[in-house]
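Report on the structure given below.
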Amino acid sequence: MRVLIAGGGTGGHVYPGLAVAEEIHRQHPDAYVVFAGGRRGLEAQAVPEAGFALRFVTVQGLPRRQWWRWPGALLANAVGLVQALIVVLTERPDVVLGTGGYASGPIALAAFLTGRPLVLQEQNSVPGLANRWLARLASEVHLAFTESRAYFDRKDNLRITGNPVRSFILSGDRGHGLRHFGLADDKLTVFVFGGSRGARRINEATIDAMRRLKGRVDVQFILQTGREDFDNARTSVEREGLPARVMPFLKDIHLAYAAADLLVCRAGAMTLAEIAACGTPSILVPYPFAAHNHQEINAENLVERGAATLIKDADLDGERLAREIAHLLSDRQLLRKMSAHARTFARLDAAERIVRSLDRLAGGDPAGDNGATDHTQDEGAA
């Protein structure tokens, strides 16, 4: 089986593809898997590090309020479509999987134009405009949230499977994680991160919260800042003796998850899928400028199930964050309940189910055992 996976930009589009690629190789060790993406996105580093080939496609978003930049963007996207056609014709995939991000669009369109089966994977509760349009051309569209179905005109190709999570996310051990980060094993640990690129407001609020909690709550922090804020955050922590390990980016994020008693993070769909898989209580701070406010809508799924609390970005400051952290860490029973509720949100077989679909479509079976009514199943999937 030959599979082309397209998507990228941020971890939310890259990591689902990697999770599926990993599962393909688990089920089919001899399968050929290749990725397509951009040169500037996370995929340029993450995909080769995972051992997969990456083909580059030039693509550029249309800035909604800067119409004078549209001609250049349209030209770049025309070039990108030609490149996508070359990639598809050269790689000769049996099936194409699009996971979102700018590079996914031209590859998905090229797959349709060349007669390849196309599968889309939508991570968010509110689908992006590109996936809503491309869904009309796809053999199957795999959704993470049942409420996403309302946004698609075509319903017969929708499948509720959840978001695929990389298997290594669950491979961490608490003791190993604490030792890896040089942390004490007799203290509660809070892991703070703002996604693959970091989040300045979360970083600043966390530093201030550490100051307020120091000497009051016996807690230690793992803080992933992103590259831009790393130096300032590290300087503050070292100068003030704050109880934290600060890093720009975590390759060993599974060890941070394993070490954590509580998370503070954005509410991207893949972050929530990993939280659910690990069963870790969380304080969610949705990114306020996400398209269609989808991060807040994503977060409400966990909050309504008692797995997380929510602080809106506009309400976030050191005082509020410190108060929320202190409240949650003071109630071990509440943390245990939140952990159990988080696990009910997990769909650990998502990658396996997507690969079964890819396998079936690559073999020329448009329906197979999923059938055209699979979209009515798994009402609780997320």
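Cβ coordinates come from backbone N, Cα and C, glycine included.
Predicted automatically and left uncurated, TrEMBL annotations should be read as such.
Here is what TrEMBL records for this protein:
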- T10, G11, G12, N124, R166, S196, Q295: UDP-N-acetyl-alpha-D-glucosamine binding site (BINDING)
- 3-141: domain 'Glycosyltransferase family 28 N-terminal' (DOMAIN)
- 189-353: domain 'Glycosyl transferase family 28 C-terminal' (DOMAIN)
- 361-382: region 'Disordered' (REGION)
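Applying DSSP to the domain 'Glycosyltransferase family 28 N-terminal' (3-141) sorts its residues as follows: 65 helix, 25 strand, 49 coil. For the binding-site residues G11, G12, the ranking by surrounding Cβ atoms (within 10 Å, all protein chains) places G12 first. DSSP assigns Q295 (UDP-N-acetyl-alpha-D-glucosamine binding site) to a helix.
Just so you know, of the binding-site residues T10, N124, Q295, the Cβ with the fewest other Cβ atoms around it within 10 Å is the one at T10.
In the three-state DSSP assignment, the secondary structure recorded for R166 (UDP-N-acetyl-alpha-D-glucosamine binding site) is coil. When Cβ atoms from all protein chains are considered, those within 10 Å of R166 (UDP-N-acetyl-alpha-D-glucosamine binding site) total 23, not counting its own.
This prediction places the mean pLDDT of the domain 'Glycosyltransferase family 28 N-terminal' (3-141) at 91.
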